[in-house]
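Asks: Per TrEMBL, the features are:
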REGION    59-89  region 'Disordered'
COMPBIAS  66-77  compositional bias 'Basic residues'
DOMAIN    115-340  domain 'Peptidase M24'
BINDING   His180, His278  substrate binding site
BINDING   Asp197, Glu334  divalent metal cation 1 binding site
BINDING   His271, Glu303, Glu334  divalent metal cation 2 binding site
Amino acid sequence: MAAGLGARPSATFVAGRFRPLAAPLRPVRSGKFVVPKRCFIVSSRLAWVEDELMEIQKSQEQSSVKSKKRPPLRRGKVSPQLPVPGHIPRPSYVGAKGLPELCKGQLHDAQGITGMRAACKLAARVLDFAGTLVKPSITTNEIDAAVHNMIIEAGAYPSPLGYHGFPKSICTSVNECVCHGVPDSTQLQNGDIINIDVNVFLNGYHGGTSRTFACGQVDDSIKHFLNAAEECLEKGISICRDGVNYRKIGKKISKLAYFYGYYVVERFVGHGIGTMYHSEPLILHHANENSGRMVEGQTFTIEPILTMEKTECVTWEDGWTTVTADGSWAAQFEHTILVTRDGAEILTKV
């Protein structure tokens, strides 16, 4: 669950591998597809690349004729908060007023690392299960209910539930929703995309992960977008190890996003995670000059959000749901990692 940057009070901590055949075709407001100006091709492969581009563009044109234009996302009916059995331990913020102070980075000994691995593996299994539920006609509320039951059956607490008043157990962000979408009566449609953000509190430790899923059949341009967003996460993780500057994560992610013709949302950041849900360090996913270095035994999330167009973000009156101002779609992928001497262990990878 991303932490937020900005002046709005509710936004402060309210919060595979891919090799493209050619440069991405990006949708513009007119509905047509264009090749980004900053792409390049090797002359000896020009004919082959042109054939690939023509095939993709033909597929896109056929898809746009068949599919209806989706209306802007609207808030649906939010059902009552689901109960959690009394024997399951709650995080300290549940039922408390306000938010706890942001603590320093969280370092773990052997016991702590074992606890983090267990919580993160559960979060990863739950997310995989949630992905199997994504299909046309299902509501985001139904996904939330099924995930909630799986978490409590494992003896864990869904970390978002009750965090600064958040009413649900997961975040479900559809199409132009950047993050922190509140599950409700909204039905998924064929061709939609949805980010499902799962966080669990198990035996005193939080683990978090998210992924953006395609619902039914999506255009090739959307597949490219999702693959690029996931690759950006992988690129950010790849440079992590003891002693590396945090800012290198944002540099790697933003450079790759720019290459593919997409944009990184700067308002929301990754964060330390462990016995505390949110802590330092704050992980910026865009190019920055922040100081600070990674330390062996540290755990934090990396969770970049990409948009298909350069745009601002707007938060709804519920204080949570944040969407793109122009309606362009967004995609996010997240892992919790453990910094090691020689690299990073992805704790939320099944």
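Heads up, residue numbers simply count up from 1 along the chain you see.
Glycine is treated like the rest: Cβ placed from N, Cα and C.
Annotations in TrEMBL come from automatic prediction, not curation.
Give me the structural setting of these features: burial, nearby parts and distances.
Replies: For His278 (substrate binding site), the number of other Cβ atoms no farther than 10 Å from its own Cβ, over all displayed protein chains, is 28.
Every protein chain shown contributes to the tally, and the Cβ of Asp197 (divalent metal cation 1 binding site) ends up with 26 other Cβ atoms within 10 Å.
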Asks: Excluding His271, Glu303, Glu334 themselves, which residues in that chain have a Cβ inside 8 Å of the centre of the Cβ atoms defining the divalent metal cation 2 site?
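Replies: Leaving out the recorded residues gives Met1, Ala2, Ala3, Gly208, Ser210, Val269, Gly270, Ile283, Phe300, Thr301, Ile302, His335, Thr336.
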Asks: List the binding-site residues among His180, His278, Glu334 whose C-alpha is within 10 Å of the C-alpha of Glu303 (divalent metal cation 2 binding site), in sequence order, or say none.
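Replies: So the list reads Glu334.
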Asks: What are the non-local neighbours of Glu334 (divalent metal cation 1 binding site), defined as same-chain residues 6+ apart in sequence with CB under 8 A from its CB?
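Replies: Looking at Cβ-Cβ distances below 8 Å from Glu334 (divalent metal cation 1 binding site), excluding near sequence neighbours, one finds Ala2, Asp197, Gly208, Thr209, Ser210, Arg211, Leu233, Gly270, Thr301, Ile302, Glu303, Thr348.
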Asks: So if I draw a 10 Å sphere around the Cβ of His180 (substrate binding site), how many other Cβ atoms end up inside it?
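Replies: Around the Cβ of His180 (substrate binding site), 28 other Cβ atoms lie within 10 Å.
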